[in-house]
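Below is one structure, written out as C-alpha cells, with a few remarks after it.
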There are 2 protein chains.
Amino acid sequence: MKQLHSAEPGFADAFDALVREVRDGGSPIDAPVRAILADVRARGDAALCDYTDRFDRHPQPLAPEALRISADEIDDATGSIEPSLLDALSVAARRIERFHRAQMPADLRFDDEDGLTLGMRWTALDAVGLYVPGGKAAYPSSVLMNAIPARVAGVGRIAMCVPCPGGQLAPLVLAAARLAGVSEIYRIGGAQAVAALAYGTETITPVDRIVGPGNAFVAEAKRQVFGHVGIDSIAGPSEVVIVADALNDPDHVAIDLLAQAEHDELAQSILITDDAAFAARVAESVERLLQTLPRETIARASWSRYGAVLVVERWTQAWELVNRLAPEHLQLMLADDAEAFAAIRHAGAIFRGRFCPEAIGDYVGGPNHVLPTSRTARFASGLSVFDFIKRTTWIEAGAEAIGRVGPAAVTLAEAEGLQAHAASVAMRLAATGRKA
Amino acid sequence: MKQLHSAEPGFADAFDALVREVRDGGSPIDAPVRAILADVRARGDAALCDYTDRFDRHPQPLAPEALRISADEIDDATGSIEPSLLDALSVAARRIERFHRAQMPADLRFDDEDGLTLGMRWTALDAVGLYVPGGKAAYPSSVLMNAIPARVAGVGRIAMCVPCPGGQLAPLVLAAARLAGVSEIYRIGGAQAVAALAYGTETITPVDRIVGPGNAFVAEAKRQVFGHVGIDSIAGPSEVVIVADALNDPDHVAIDLLAQAEHDELAQSILITDDAAFAARVAESVERLLQTLPRETIARASWSRYGAVLVVERWTQAWELVNRLAPEHLQLMLADDAEAFAAIRHAGAIFRGRFCPEAIGDYVGGPNHVLPTSRTARFASGLSVFDFIKRTTWIEAGAEAIGRVGPAAVTLAEAEGLQAHAASVAMRLAATGRKA
C-alpha cells in the first residue's frame, strides 16, 4: 500500500496519482474519436488549435491565448443585437429560472425507530461543460435551457464550447450564455471540445459533467468520456403527439404539427382525435400551411414519412395510445383534459389547453425543452436541476442503535461469506458488551 | 403520412409498427453480444433455452415452460432457510423500505405571475428488469437493494433474471426476491437474459429499465440495449475512505478497511488521519487481522496494491482530499464530525460515528448500497427511488397568459428561423385579438 503524508514533499503529486489511477481495463472504442481524445490529452491546447484550424477554417490560425472568447468580444456581439430580441431572451431566462428554482428538492433527515439518524442531502456539481453546436444549429434558447438549470442548481463553474466556423461568432448565442451565467466560453467544437472539457488542457480546467447537443463526433466523444465525467442522454429526432377534439381550430392543430415537422426530416408529428371529419380538416390545413413555410421541404419530408393521424372511437383509447408512444411532447387540446391528464403516465412534457402550443415550451414556458425522445419517456426525464445535483445518503449510529440493528447485519454478512464485514460490526457489538 | 383509425381492422398491428419504427441509423456494436441479442430477438424462448443449455450446464435441457421459476420452487427454497437468516433479511427489507419511502419526492404545481400554471409530476416506470449474477456473486442483500426501491416507487412489474449454473437455485436469493416483491423470476443469465428483458420473448414481457450488476457480457448487453430501455450505471470496483482521529480503536478502523478490501482485488481502502502514530497502529492491526480472514488472499491483494494511509497536518486538508477522491463510501470517525460533514461535497454515502461501520449500510442501514464508484460521486448518485420514477413537466395556459408570454416566443422563434413555431404562437395571439 501507499503511505502519504501531507507535510512531505511530493504529497500533492502522489495524491494526484492516486486520484487519477485507473483501476480497470480498457474497452473497445471508435478509432477516429479515440485518436482525437488521446491527442488532446497528450498535447492540450496545441491539439485544440490544430483541430480548430483544420475543421473550422478560421481566417487566421488559432493561438492558445485566443481559445477563450474574451469579455470584449461578448460585449461587442451582444451590443449588435436588437433590444427587442434581448428583451425576449430576458423573458425566457427569467421564466426558465423561476421554474427550475421551484424544482429544487429538499434534503431529508429523520430519526428512526431503531435509534439511527438517516439522511439524504443534495449537493451541486463543481463544474459543468456545455456543448453548443455551431452554425445554423446554434440555438440561443438551448443555451438558456442547458445553462440556467446548472446555475440554479448551484454549479460554481459553467464552461461552454461553441465552434465558430469561418471564425464567425454567433451573437445571440453569446448573449444567451452571458444572460444564463456561463462562466467561460471557448471557440472550439467537435470531439476535441469534449476532450478538453473532460480531461482539461493548459487553458481549460476539466469539468464533472458535459451536456448539450452535438453532431455524431460529439456524441461519440461524449460516449467515450462517459464514466470519467457524466454526460446527458443522446437526443434522437423530436416528436409531438397532439390529442385534440373537434372543437379546435384545424389550423391551430395543423400549425402545431408543422412546428414539430419543420425541425428535421426525422421529426414526427401525430394527431389523435375522436372525429374523422375533423382529422380530415386538419390534414387539409397541413397541406395548405405547408406551402407558407420557409422550411417547407423539411416539414413536408417529415410529415410525409413520419406524420400520422389516429382516429379513436373512445377517448380512453387515446390515453392508452399516448402511453404506448410515450411522446417527447404532448399537447392536450380538449374541453376538459382532467381525465386525460390523470390517465397518461408517459410523456416528456405536456401542454394543456387550446392556447398552449408546444412552441411556448420551446422558449418561454419555463420547464426545460430538452426532453426524452424516441419513447424513452417511459423511463427517462427532461433536463432539470436534477442533472446538476447529486445525492449523498448518510447514516449516523451510536452504540445503542448498532446494538439493535447490528446482529442482523452480522448474520447477513456471514451468509454472504464476507467475514470482515461481519467482524467490523461484531467488534462494535463486543465493544458495547452485546453479542452478535 | 399514415392514417389510422382504431375501428378499422389492422389498427393494432399498424399502431404496433408505428411504435416500433426506428428513426435512426445503426451504431458500431460488439459482435458476440450483438449476435446473442439478435438471436434472442429472432428466436425468443428457443434461443434462451439454447444459450442456457450451453452456458449454464443444467442437468436437463431447459424447456420454455421451465424458464420461469415456479412458486413451488420458491416455496421449497425459502423453506430450507434457517429462520434466523430469514429474520435478518426481514430486518434489512423493513429498514430499506422505510428509508426509500421517505425518499419519494412530491409533485410540483404553481400559478405564476404571468397567469400560467406550471407543474412537474413524478410517475413510476411500468416494468423493471433486475439482473442478479449467479454463483458466488449472488448476494441476497443486492436483491433487496435493487428491488425494494422499484416497488416503493410504484413499479407495477419487477422481472428478475438469475442464472442457475448446474441447475442449482440460490435459496437466499429467491427468498430475498420474494420478500422484496419481485413479480417474476427466470432462471437465465448473461447477454441472453438482458436481451429477453429488453426485447421480450414468448414467455417474458419486455421491461422499461434494467438494473443490477453482472459480468462483462451482461454489461456490454446493457450498453447495447441502452436507449431502447434504460439501464443503471456500470459499477466499478468498490472503495472506502475512512477519516479517523486517534481516539478510535485501531482494530475497528483496520477491520473496516479490510471489509472493503475483502470484496475484490481491485477494491480500494484509504485511511485519512491527523496522527502518524495512530496510522502506524492501524497498519499493524491490518496486518494482524488480515491473517484471521477467510478471504485473506483477496483482501491482502487489494490492500497491498490499492490501500493507502494519508496523514494530514490539519483536518481541513482532509476534507479537501475527500472531495478530490469523491469516494463511494466515507466513514467519519471523529469526536465531532459537523465541520467535516459540512465541508465534504462529494461522496456516495457517509457513515457517521465510531459505531457505524460501512457494513451497516451494506445490509441494514436503510439507504441503498448500490453507489457511485471510481470518483463518479462528483456527478452521480446511488440507486434510489429516483431510478424508478421519471418527471413529466407541464404547462397550462389560457388566452390571457399566452397574451403575456407569447410575443417573446414569437420573437425568439423568428430569430432561430423556425417560422412554424412562430406561427403556432402568433395564430393564438391573433385568435385573442393580440399582436405578436
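Glycine too: its Cβ is placed from the backbone N, Cα and C atoms.
Automatic prediction, not curation, is the source of TrEMBL annotations.
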A:S238, A:Q260, A:H263, A:H329, A:E416, A:H421 bind substrate in TrEMBL, but which of A:D114, A:D126, A:D208, A:D362 does that record place at the same site?
A:D362
Within 10 Å of each Cβ, count the other Cβ atoms, then let me know which of the recorded positions A:E328, A:D362, A:E416 comes out lowest.
A:E416
Least buried of the binding-site residues A:H329, A:H421, going by other Cβ atoms within 10 Å?
A:H329
Most Cβ neighbours within 10 Å: which of the binding-site residues A:Y131, A:N215, A:S238 is it?
A:Y131
Sparsest-packed among the binding-site residues, when each Cβ's other Cβ atoms within 10 Å are tallied, from A:Q192, A:Q260:
A:Q192
A:Q192 (NAD(+) binding site) versus A:H329 (substrate binding site) - Cα distance in angstrom:
33
In whole Å, how far does the CA atom of A:H421 (substrate binding site) lie from that of A:N215 (NAD(+) binding site)?
48
The correct subset of the binding-site residues A:Y131, A:Q192, A:N215, A:S238, A:H329 with a Cβ closer than 8 Å to some chain B Cβ is none
